[in-house]
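Only one structure is covered here, and it is reproduced in the block below.
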Amino acid sequence: MGVYYPRSSDPAGAGFSGPISTAGPSELDVVKTRELEQFLADSGLYESKEEAIRREEVLGRLDEIIKIWVKNVCGAKGYSEQLVEGANAKIFTFGSYRLGVHDSGADIDTLCVGPRYVARKEDFFGKLYKMLAEMPEVQELHPVPDAHVPVMKFKLDSVSIDLLYAKVDLWAIPEELDILQESILHNVDEQTVLSLNGCRVTDQILRLVPHIQNFRTTLRVIRYWAKKRGVYSNVIGFLGGINWALLVARICQLYPNALPSFLVSRFFKIFKQWRWPNPVMLCPILGRPAWDNRKNSRCGQNVMPIITPAYPCMNSSYNVSTSTLRVMTEEFQRGHDICEAMEANEASWMTLFEPFLFFEGYKNYLQIDIAAQNDDDLRKWKGWVESRLRLLTLNIERGTNGILQCHPHPGEFSDKSRPFRYCFFMGLRRNQGVNAQEVEQFDMTSTVEEFKRSVCGHVSWKPTMLIHLCHVRRRNIPHFVFPGGVRPMHPVKEVVGSRVVMNARKRELNKVDEGFGSKKPLCLPSGNSNLAELTASTSMAPQKPLI
């Protein structure tokens, strides 16, 4: 059922195997780990004691609110006084907060588990929403009932909360409820399974790692590195928080007695050579899994399977494409090279976390401009378009037979002088195995038109929600994407006395030279335009983007 048992000595293709080494840390590992922990502290990655206490107080207040809400719902539905007296719901946390690796000011992912008579639509998104809307300490309340995993977003006393709801088949919710028990999935709908999954996976990870504090420190490092290098985003096809947590947990299992400095080094060494699509798993898949690469054709299309350890087991990284996997593999290689240089005292931790200069990394880019009439429409439009960008990446790969590869930027940009609009960017380059002289022109008109029809077919789309795509060369990238709105005069070069690190930087800058030959690479519009030209049905005849 999707279980792999390769040799322990061959971890690069191992889905699940025993430890590679149980050796303890060396003196150098102890020194390097102290340096690493100091670097994390100096970088401001830990919240203050005061902020930690405040978060706990907010979670306590949220728990009070949902308990009052459940009793009110129970009473309004005419149940007995005894049932009303015992009516209860329970708040669980998951994600980075539950794992203990959250940044200062980060959202708290929370789950409300309620009894069988409290409905999601009528009671959670109905009565609870109205209750929260009337509270002065609640700000920016935004329900998203139609999301794949329905969520209520808001700030409680200025702390950002993402609240999910799971209705389980129990008349009373005990305070000691164990959500890892499979019986909790009995007689529940798919949305409840998905809502429970985050908590179940997070708790299972903490149970499966051999040393929680070493896991947490290592995960902080990898999360920070991934954000700096632009590969932290599940939505657009890279990896998100839970994906990186699963990869780090696997390394901790393979080296159970190692310290974080060694675990970081082995993280890059293992995953730079991992033979995808062999899956990463923290434990064997038992029972009837939701993920099975041999029996499910859809699972077989996943290029970088990272399997969740709680039933039902799922591939948490199904958004990854061939292009984004290629970008991450290059970053794993760079991380490995720098860790080797650090072992020779030829580099520092700071080198590892140097940001990727996205707008210097490619000669050609795809620019996606969106606009709307007001903030509320723009927020909805932005979220929807962003969620579809990974499909644009896949369609470009397929439409060019894999010759053209995409590197989506994980963020969005806006020109402050022009409200209600955002820009997304993708770096474009030919496949490294393709001769530049053989590439003449890519006609992406049909791919772009198909993407526009797809996003404009959303149920919440309005005629005032606009989109435009165009090809832009590096020299024409708008200034507002750069810090301070100022384009750098020259590429920033690392000055490192290490051949290994210089080779890592050379590979990175070589992306610039991997153009499309001497001829025009894309049959797409380029240049400049005004808002009138940015329409949902914009023709792909030559015209200029919204800049």
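Each Cβ is built from the backbone N, Cα and C atoms, and glycine gets one as well.
Matching 1-20, 121-140, 381-400, 421-440 against TrEMBL, the residues noted as region 'Disordered' span 1-20. Take the mean position of the Cβ atoms of D107, D109, D162, the recorded Mg(2+) 2 site; other residues of that chain with a Cβ within 8 Å of it are G95, Y97, I108, T110, K153, S160, I161, L163. For the domain 'Poly(A) polymerase RNA-binding' (358-416), residue counts in helix, strand and coil come to 28 helix, 14 strand, 17 coil, using DSSP.
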